[in-house]
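Comments concern the structure below.
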Amino acid sequence: RIMRPDDANIAGNVHGGTILKMIEEAGAIISTRHCNSQAGEPCVAALARVERTDFLSPMCIGEVANVSAEITYTSRHSVEVQVNVMSENILTGAKKVTNKATLWYVPLSLKNVNKVVEVPPIQYARQEQEDEGKKRYEEQKLDRLETKQRNGDVILPVINPEPHTVGYSQSSLIHLVGPSDCTLLGFVHGGVTMKLMDEVAGIVAARHCKTNIVTASVDAINFHEKIKKGCVITVSGRMTFTSNKSMEIEVFVDADPFVDEPRERYRAVSAFFTYVSLSKEGKPLPVPQLLTETEDEKRRFEEGKGRYLQTKAKRQAQMQQAAQ
């Protein structure tokens, strides 16, 4: 579809959340189609995880986004989907790849939202494809478990924070989940949640830099638990790390069931977003150094630095491999 002004920021760059929402919609469609392709219990595919997603090139107002999806692996109860996003300038015909993403879905029964049904297997062209897919499946399963175990943090307000501190830029958004946010089963679309997370992360980045900012990448987004219609969700974001030209922002989503639900607030989703600061001409700008004050902030900064260096090393290795 064509990108409209309400899809973009004030500089005309399309929001990362808008693109993430389109990616998730494509993944949900193909997964649900596949899981209902054989006789069995009707189901809807629910998003469980999004692997690291890089924003390779910015998309602008007036360009056409083309989102394509392919199923690359199935386990007994999950589906791996590869999604590519391409932008097209319809005035010049120029095309470019803007995103590549990997998503994992689980099929939930239409009769019982808590029941995961079995996934029809796919045919692989080579045995290596199935072996590689199984390896990816085991890795993401382990990472989801580790992420869930460290999800106890909360963001507390800071009185009169200093500029460029964590407390100065941290932000939260409260949203009542309505019918238009939900799937046929009455829980929130993963794309809706990701769009809200990107909005909060963007506010954190803009407060820190006071410049135009764009999403550069999203580390793995883990959907720990479903969010039902009628919940109030709190989307919170805080700066964890800055390099010379990028910012890492931790975002998590907490859900408060209050309609016919006695359950306490719970952590539903968590992720790390990376943003860059841009000039009016679209050139990268230096990012102000994050000032850490507490021991927890210093620990999170070092953890973010480790992720940054690991990603940088992986990117350099890929460039060297491509050059050979």
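Keep in mind that glycine also has a Cβ here, set from the backbone N, Cα and C atoms.
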**Complete:** The residue range that TrEMBL labels region 'Disordered', out of 115-144, 295-324, is 295-324
**Which same-chain residues, if any, lie at least 6 apart from Asp198 (active site) yet have Cβ under 8 Å of it** = His15, Gly16, Gly17, Leu20, Thr215, Val218, Phe273
**Message:** Let me check the 10 A CB neighbour count of Asn9 (active site). How many other CB atoms are there?
**Reply:** 16
**the compositional bias 'Basic and acidic residues' (296-306) - residue tally per DSSP class, helix then strand then coil** = 11 helix, 0 strand, 0 coil
**Request:** Tally the residues of the domain 'HotDog ACOT-type' (1-111) by DSSP class, grouping H, G and I as helix, E and B as strand, and everything else as coil.
**Result:** 23 helix, 52 strand, 36 coil
